[in-house]
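One structure below.
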Amino acid sequence: MNNTADHYLKLALSLAEIRRGFCAPNPCVGAILIKNTQVIATGYHQKSGSAHAEVDAINKADPSLAQGATLYVTLQPCCHTAKKTPPCTEMIIKSGIVKVIYGFRDPNPAVNNQTDKILQHAGIECIQHSVTAIDNFYASYEYWWKYKRPFTTAKLAMSLDGKIAGKNGKRIQLTGDAAQEFTHQRRKQADAILTTAKTICLDNPLLNSRLEDGDYKKPLYILDTHLSIPISAKIFSSAEPITIFHDVNLSKQYQQRLQQHDIRLIPIKSDKNGLDLLEILKRIGKDGKIDLWIEAGGKIFQSFVQNNLLQRAFIYVAPLWLGENAQIAFTLSHPLKAAISINSIILGKDTCFEFKWEEK
């Protein structure tokens with residue numbers, strides 16, 4: 001049973017990955033209906049408010065084939081009514097499915113304490129079968145439930161001598177095409193992107209996802225203490241919706257300049273080190289964002305590391321030497337020493353180091 005369950009659950013995971021970055025505040029889920037070793041239907045969650053993966057698969061199946069089938073699903077099926085769609089357990093019971101095998105137990109207490117009991121009471125065998133890839137896939141969802149803030153991943157590119165920009169912060173293209181594609185894929189899979197006004201003023205980036213299968217606008221959060229960002233910035237046409245966090249004491253005349261452009265402004269307390277990052281993450285968590293991609297400069301990267309607010313980082317090292325006049329990545333002597341694991345990926349001419357920090 002183990003090999004069979006692994007196989008079908010990994011297939012279900014490949015379906016869940018299709019809409020990664022577009023389902024929040026719901027998790028991405030994939031499902032497969034099997035009868036007599038044959039796939040009779042597949043399904044996945046498209047977006048919040050649409051049919052869940054289990055229901056999507058059941059709706060696609062011939063009702064006569066669903067009778068007596070086994071449902072493989074990446075996440076424990078829901079059983080509660082406090083949401084936009086009916087409980088998946090109701091459809092599973094009505095369909096005549098005889099066995100449910102799921103990969104990850106939902107951290108939502110309204111689900112994890114009830115679903116198995118409901119299905120078993122209806123005569124349906126219900127089994128959890130752990131798969132490492134699925135555990136990793138839902139790590140951010142579990143983190144969001146536990147801490148009420150998003151799982152944060154930062155990206156930073158630097159030269160061999162640890163520099164991220166030229167003299168006076170002048171933008172330099174450090175990484176090649178493979179690293180660029182990796183970044184755009186990660187942007188697509190994130191529920192939202194966070195950057196700073198400084199990054200926008202210096203680089204004027206689009207901060208969307210541009211891949212062969214299309215361009216994708218993503219929700220964007222901007223740290224802008226003094227609301228200095230120019231309305232002419234490219235992000236106002238390449239990202240949506242846009243939220244700007246600014247100093248709580250900023251006068252209303254600064255706020256009015258941006259409010260008329262359908263931008264949400266949220267005041268945040270600050271100190272000599274800048275805006276309160278923990279409070280910002282809590283606000284983003286309340287928005288239902290599970291995975292947050294942080295793409296800014298070395299200063300904000302260092303701030304997240306120092307405050308133990310970073311769960312993962314991808315640091316690209318390009319085979320370039322920028323010299324002593326270039327801008328250094330960070331001022332801490334060992335900003336990455338607290339990482340609990342480090343892996344490397346070769347991306348064309350560049351090397352990408354993946355750092356992970358202990359959950360806090």
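For all residues, glycine too, the Cβ spot is worked out from N, Cα and C.
From the candidate list Arg187, Arg283, the residue TrEMBL records in the substrate site shared with Asp203, Leu207, Arg210, Glu295 is Arg187. Here TrEMBL has Cys78, Cys88 binding Zn(2+), and the candidate from His52, His121 in that same listed site is His52. Look at the Cβ of each of the binding-site residues Arg187, Arg210 and count the other Cβ atoms within 10 Å; the largest number goes with Arg187. Neighbouring residues of the recorded substrate site, listed in sequence order and excluding Arg187, Asp203, Leu207, Arg210, Glu295, comprise Thr183, His184, Ile193, Thr195, Pro205, Leu206, Asn208, Ser209 (Cβ within 8 Å of the Cβ centroid). Mean pLDDT for the domain 'CMP/dCMP-type deaminase' (5-126) in the predicted structure: 95. Fewest other C-beta atoms within 10 angstroms, among the recorded positions Glu54, Asp203, are seen around Asp203.
Rounded to a whole value, the Cα-Cα separation of Ala157 (NADP(+) binding site) and Glu295 (substrate binding site) is 10 Å.
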